[in-house]
């Protein structure tokens, strides 16, 4: 600024080359006067954008400093402070007030602790306004614009953070790119509105790609979780526990239905055709139980072959070059959970609603449809862990009035109720499975002790 001002003054850039300069700068403070609202309608949208950006930047900076120096801020108090300061400054033709990232960082690094440091900064600015202001009359506007570029260097440096942002969240990365391009191509206000609108679209997209998953019990901690994330999980014969990690509303209702039908491996339309072909639901259950027993027999035969191979010391080591795996010596881990505990026809489906932060009226109708479809094939749907907001909607849509007896506080309660209500032949299959699992555990422990010896 100093070099540019001196060069412009002694080189007569304005007169010789027609270069735009700051021009006349009146010395002293302007007299207070009521602000003019003549151009208020023309500048309304820009004023909104300036207010939003200024407040967001100021509060973000305040939160950053509060976290660094271990104190709290009140966003409402900050909002009132900025409002009062801008109302007061409007009577003196002041620019909108907001926190400065660069000046605040310099002040903090220099050891500033309180607002007293701002008093000295304001005093220096006052000296510039009263005395030094006229010296900037020959300052070229292009040099003045460089101050803005330097002040925004931290924002330009964000371009180097895009790679990291993409690895953290692809959605945030796309929002950043769309907003940036919109601001550059159109204008700041239009670009920001485009960015806000696009961010809302991504919220809908995220719920559209939400996935339901099969949950199984983790015995040591008595919890239910995705079996693909944990090793020691246990399922229940004839019972499917389905979790959905998104709100249930009009945009993803059909997706939710399809995923429940697929994960439970029980599509009502297909089961109705099988029941019609076999003649009755009892015959369908009998055929399903026979298939389950055949699957268990095949599993036991395969396990017997595995045990025989494992009885030869060092066989796995010789064949694979590694020690026997847990799947070789302990088929009571994941293999039994996935192949045996899921045997038998499905008679209960439990929906874990703990991740459904809200359900709209369409979501309530979807749950009704799900319960009715499965009721037609003698499959009971149970709901567990419904949040208060979703419960309120289900009450107003008459779901609770019709299906209130299928709701439970926890998934464990729902599983207990489902096991107690299991058909007689299914309970026999459950007892048979548990007996096999206990025998397998004993045999596995014996095999491990023998191998260690």
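Each position is counted from 1, following the chain as shown.
Each residue, glycine too, has its Cβ placed from N, Cα and C.
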Range annotated as region 'Disordered' - as stated in TrEMBL, picked from 225-250, 251-276, 277-302, 303-328: 303-328
Range annotated as transmembrane segment in TrEMBL, from 79-98, 339-358: 79-98
Transmembrane segment according to TrEMBL, located in which of 173-205, 371-403: 173-205
Intrachain residues whose Cβ lies under 8 Å of the transmembrane segment (143-161), provided they are six or more past its termini: 1, 4-5, 8, 22, 100-102
Folded-back contacts onto the transmembrane segment (79-98), same chain, C-beta under 8 angstroms, at least six residues removed: 29-30, 32-35, 50-51, 54-55, 57-59
Same-chain residues near the transmembrane segment (173-205), Cβ under 8 Å, at least 6 residues beyond its ends: 45-46, 48-49, 52-53, 162, 165-166, 251
